[in-house]
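Participant: Here's a structure for you.
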Amino acid sequence: MSTTTDILPDVHTMRDTLQRLAPGTPLRDGLDRIVRGHTGALIVLGDEENVTSICDGGFEFDVTFAATRLRELCKMDGAVVLSSDGERIKRANVQLIPSPSWPTQESGTRHRSAERTALQTGVPVIAVSESQNTITLYVEGKSHILEEPSTLLNRANQALGTMERYRDRLDQVNTRLHMAELHNYATVIDVVSVIQREEMLRRVGETIDTNVLELGREAKQIQIQLTELRGDNDRERGYIIADYLVTDGIPTDETITEALEAVSGLDDKSLMKPSNIARILGLPPTEEALDEPVVPRGYRTLNRVPRVQKFLMDKLVGEFGNLHALTSASVEEISAVDGVGSLWARHITDGLARLT
């Protein structure tokens with residue numbers, strides 16, 4: 001059975017901290033009690049030496065964390081310091097004295113202190129606003145306001161609707177490209193359209209991931225739908241790059257990753273310009289070139305044949321060079337490839353035949 005300590009990261013991140021603050025967790029219960037009580041709070045999620053060095057006054061103790069204890073201790077003006085695993089309350093009513101040289105965009109005293117403490121120590125800090133009844137998390141140099149579960153659920157459901165439309169459109173362009181590949185009439189714009197839709201699906205899925213983290217156990221149904229809509233998109237993104245990235249020989253994992261990161265680095269407007277995707281692939285980025293024919297190496301199609309692993313795909317692509325040569329090869333020619341053998345050769349040729 002895992003404990004809170006088991007999931008603690010070596011470096012505090014927004015993602016991990018949001019998971020610790022999800023509805024239903026003891027810490028979120030304590031924060032919700034503070035909000036309902038209309039009192040402010042300043043809570044530090046860690047008692048490392050760089051935290052204790054900026055603590056002044058208050059009192060030290062070491063008691064088991066409880067939501068009710070946190071609520072009562074936060075009635076005092078000072079900050080509350082928890083252990084790094086959040087299991088114990090270490091200090092209360094302390095004044096935090098971070099360096100004023102740290103930049104902050106906050107106006108309230110409590111929030112300015114929270115942001116500067118998080119920046120200086122690298123430890124997550126929470127500020128609860130007494131006047132606005134909001135919970136703000138500071139970590140990784142960023143701030144994030146925790147929202148009500150009902151608000152998050154509505155947003156996640158809206159995003160799922162968007163993702164469903166993206167999935168439908170991706171399936172359409174994917175099918176069109178698949179048929180074009182098999183019948184030797186694929187063009188640059190066919191490839192670009194699939195990459196664009198795959199990236200759009202990835203982005204909206206990433207947004208929903210954050211909602212799922214914040215919702216915690218209340219996101220079970222959202223997670224099921226997200227997994228279904230996402231499908232094999234991450235793997236397929238890599239295979240289409242492997243099929244069409246212009247390189248000498250077979251693309252390496254490193255070059256594929258670089259191309260994927262370049263696509264992910266485009267803003268939404270730039271993503272919708274086909275020339276930008278073509279340029280990343282190493283293809284001519286002109287409008288005229290978008291209708292030029294392209295020939296896949298065969299990774300996407302081989303991925304549709306059950307149980308064919310990436311290392312086997314590399315061997316086949318390395319031997320035959322492209323999908324057309326591969327689909328034209330006999331069982332004997334495929335079985336002659338090092339590491340394939342007759343059983344796999346028959347399985348692969350039968351699988352390719354069914355796809356065509």
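Each residue, glycine too, has its Cβ placed from N, Cα and C.
Keep in mind that this is a model prediction, so the values were computed, not measured.
Found this in Swiss-Prot, in case it helps:
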| type | residues | note |
| --- | --- | --- |
| DOMAIN | 11-149 | domain 'DAC' |
| BINDING | Gly78, Leu96, Thr109, Arg110, His111, Arg112, Ser113 | ATP binding site |
Participant: Could you check the binding-site residues Thr109, Ser113 and say which one's CB has the most other CB atoms within 10 Å?
Facilitator: Ser113
Participant: For the ATP site (Gly78, Leu96, Thr109, Arg110, His111, Arg112, Ser113), what does the 8 A shell look like? I mean other same-chain residues with CB within 8 A of the CB centroid.
Facilitator: Leu42, Ala79, Gly108, Ala114, Thr117, Ala127
Participant: Please find, for Gly78, Leu96, Thr109, Arg110, His111, Arg112, Ser113 as listed binding ATP, the greatest distance between any two Cα atoms, in Å.
Facilitator: 14
Participant: Which residue counts does DSSP give the domain 'DAC' (11-149) for helix, strand and coil?
Facilitator: 43 helix, 40 strand, 56 coil
Participant: Counting only other Cβ atoms and using a 10 Å cut-off, which of the binding-site residues Arg110, His111 scores lowest?
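Facilitator: Arg110, out of the binding-site residues Arg110, His111, has the fewest neighbouring Cβ atoms within 10 Å.
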Participant: I'd like the number of other C-beta atoms within 10 A of the C-beta of Leu96 (ATP binding site), please.
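Facilitator: That number is 22.
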Participant: Which whole number is the mean pLDDT over the domain 'DAC' (11-149)?
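Facilitator: Overall, the domain 'DAC' (11-149) comes to a mean pLDDT of 94.
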Participant: Can you name the residues of this chain that are 6 or more positions from Arg112 (ATP binding site) yet have a C-beta less than 8 Å from its C-beta?
Facilitator: Thr104, Glu106
Participant: Inside 10 Å of the Cβ of Gly78 (ATP binding site), count up the other Cβ atoms and send me the figure.
Facilitator: 19
